[in-house]
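Notes to accompany the following structure.
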């Protein structure tokens with residue numbers, strides 16, 4: 001053998017080199033115990049495979065949900081040490097991912113809003129190891145894509161699960177009128193109405209279910225869009241096909257539009273109260289309190305209409321000072337021929353009934 005090749009082989013046999021793997025030099029610093037057997041495992045040719053649910057996982061506000069994710073080795077060489085499982089949520093605006101939880105063995109830590117609500121499912125399958133994420137008391141903001149990441153030393157594989165909440169999108173204008181909200185104000189008005197800013201998937205789903213709205217509104221990713229079922233001149237023109245019209249991303253402080261809010265199924269119930277002479281807004285709030293409830297928010301009324309079939313041809317106050325009523329079965333003297341939540345706007349005077357919300 002040539003001298004250079006002999007020298008190389010001697011060096012390899014002596015173990016005094018740093019093997020090159022996945023773009024990183026590996027040595028005992030990368031492993032807590034520096035055990036030689038660990039090195040054998042990492043370079044044995046066993047491949048880490050992570051697989052999450054390919055179909056969206058559907059849930060609703062207040063429920064418990066499991067996001068399926070499993071991992072295995074090909075070929076399987078038996079149990080591995082110190083596997084780290086990390087779950088993160090992908091933000092709508094594609095900025096830095098939001099940490100959900102990290103688990104090593106039976107030890108785990110959840111972060112932010114997921115504290116006390118997230119853990120790894122313990123039951124496993126025969127050939128797969130469990131990495132599924134369980135979220136309890138699902139909230140509106142939980143809707144979105146989640147990354148399931150499994151880390152074994154230098155190996156790092158991941159997959160993505162899509163959690164979608166069953167809900168309803170509704171357009172919202174404040175009492176001051178059309179196009180008065182910057183992005184941050186739009187976020188707040190949706191929260192005030194028991195909702196969150198809708199994301200594009202939620203708006204698209206609402207469009208497929210018939211939502212047609214000619215006013216542009218903020219979405220959760222900072223874009224401004226609006227859904228059109230019936231093309232017409234003031235709404236992008238008659239020659240454009242039906243669809244979601246987009247203004248693209250807008251300046252979150254300077255530009256002003258309406259908001260598209262998203263609300264899900266309710267934990268409680270919405271009910272109607274009235275008096276023969278009607279009530280002022282303040283009297284309406286007090287009537288709800290006397291009934292062990294609170295005056296309903298706009299998102300709660302939409303949810304009750306959508307999921308509980310609330311149908312009432314009587315106008316009632318809501319928490320934001322608007323007067324509305326929900327119609328499931330259109331009929332004479334109850335507005336248009338389509339189902340929907342009718343609005344009387346924000347009357348400064350007048351006496352009406354009230355819609356109240358009570359937790360179950």
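Heads up, the Cβ atoms here are built off N, Cα and C, so glycines get one too.
Feature list (source: TrEMBL):
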type: SIGNAL; residues: 1-15; note: signal peptide
type: DOMAIN; residues: 46-161; note: domain 'Ig-like'
type: DOMAIN; residues: 168-263; note: domain 'Link'
type: DISULFID; residues: 214-235; note: disulfide bond
type: DOMAIN; residues: 269-358; note: domain 'Link'
type: DISULFID; residues: 313-334; note: disulfide bond
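Where TrEMBL records a feature, it is marked here on the structure.
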{"residue": "214", "record": "disulfide bond", "CB count, 10 Å": "14"}
{"residue": "235", "record": "disulfide bond", "CB count, 10 Å": "19"}
{"residue": "313", "record": "disulfide bond", "CB count, 10 Å": "15"}
{"residue": "334", "record": "disulfide bond", "CB count, 10 Å": "15"}
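In this structure the C-alpha atoms belonging to residue 235 (disulfide bond) and residue 334 (disulfide bond) are separated by 27 Å. Across the domain 'Link' (269-358), the DSSP tally of helix, strand and coil residues reads 20 helix, 26 strand, 44 coil. When averaged over the domain 'Ig-like' (46-161), pLDDT in the model lands at 88. If you take the Cα of residue 214 (disulfide bond) and the Cα of residue 313 (disulfide bond), they are about 25 angstrom apart, rounded to a whole number.
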